[in-house]
Amino acid sequence: MISSIPVIILHGGAGYWEGKDLHEVEKAIREATERGFEEFSSGSSIEAVVEAISFMEDSGLFDAGKGSVKNSEGNVEMDAGLMDGKTMSAGSVVLVNSGNPIREALKVMRKGKHVIIAKGIQTTSSFHDSGGDTVGAVALDKEGRIVAGTSTGGISGKDPGRIGDSPIPGAGFYATERIGVSSTGIGEIILKTLPAKEVDILFSMGLTLDNAIRSSVDKVTSIFGKGNIGMIGLSKYGEVSAHFNTNGMPRCFKNSEKTQCLIYKGDFQ
């Protein structure tokens with residue numbers, strides 16, 4: 001659908017959400033959307049995306065930030081990435097063990113010297129083991145700046161040092177002057193297919209954002225089957241879209257007129 005500008009869209013991870021407290025999940029993504037949108041009054045899409053993702057990291061309801069799962073040695077290793085489509089600046093952090101990874105990614109992006117920084121490995125007991133999945137957000141402000149970001153705790157029981165798609169531009173997130181995308185799902189599959197970059201390519205070839213995201217998800221499904229990917233995105237025209245091949249993906253968008261949140265199948269209206 002086409003939205004008024006400014007607009008923000010976010011997700012709480014594609015996966016299997018049975019047995020979760022869906023009321024709390026929807027409440028959290030709605031609040032994250034509201035907090036992100038509030039940043040438009042004094043900041044840009046950068047602040048909107050970082051605030052929305054930080055709130056989800058702090059909620060403990062998702063596999064990001066405080067909700068991050070642990071690796072095979074009982075340690076938390078979090079990854080996050082952020083990209084500014086206006087300048088093509090990007091910043092990512094990997095193997096973070098505390099705090100808000102998305103804010104650390106912002107520091108890397110603003111410094112500008114590097115794109116990905118590894119923060120190290122450390123045992124921690126201040127995290128939960130009940131996260132759902134990756135979180136992400138994309139925003140478009142009145143100046144036309146599109147920003148996309150993604151944050152994750154990875155896969156439960158993963159090998160130490162494992163890095164998935166979330167901190168990798170073109171895989172877990174991507175932003176240009178045309179579109180912004182955040183991906184979620186099985187990182188190894190997303191890394192092999194680079195769907196976030198593909199959305200931008202398809203959009204530049206004339207597909208609508210909705211068709212570009214749908215096509216990218218369908219391509220992954222045709223190769224690897226279902227249950228492994230979800231994507232959200234928005235275009236420079238204010239078009240918002242979300243597609244996934246799992247049974248659910250909590251997602252929410254907000255503009256100046258309304259807020260809409262969904263968990264299972266359905267399109268934004």
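Cβ atoms are placed via backbone N, Cα and C, with glycine included.
Feature annotation from TrEMBL assigns active site, nucleophile to THR134. Residues or ranges marked as substrate binding site by TrEMBL: ARG162, ILE163, GLY164, ASP165, THR184, GLY185, ILE186, GLY187.
Features per TrEMBL, on structure.
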{"residue": "THR134", "record": "active site, nucleophile", "Cβ neighbours (10 Å)": "32"}
{"residue": "ARG162", "record": "substrate binding site", "Cβ neighbours (10 Å)": "17"}
{"residue": "ILE163", "record": "substrate binding site", "Cβ neighbours (10 Å)": "19"}
{"residue": "GLY164", "record": "substrate binding site", "Cβ neighbours (10 Å)": "25"}
{"residue": "ASP165", "record": "substrate binding site", "Cβ neighbours (10 Å)": "29"}
{"residue": "THR184", "record": "substrate binding site", "Cβ neighbours (10 Å)": "32"}
{"residue": "GLY185", "record": "substrate binding site", "Cβ neighbours (10 Å)": "28"}
{"residue": "ILE186", "record": "substrate binding site", "Cβ neighbours (10 Å)": "20"}
{"residue": "GLY187", "record": "substrate binding site", "Cβ neighbours (10 Å)": "25"}
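Secondary structure at ILE163 (substrate binding site), taken from DSSP and collapsed to helix, strand or coil, is coil.
For the substrate site, whose binding residues are given in the record as ARG162, ILE163, GLY164, ASP165, THR184, GLY185, ILE186, GLY187, the maximum C-alpha distance rounds to 16 Å. ARG162 (substrate binding site) sits 15 Å from the residue listed as 'active site, nucleophile', taking the Cα positions as reference.
Annotation note: THR184 (substrate binding site) sits in a strand segment as assigned by DSSP.
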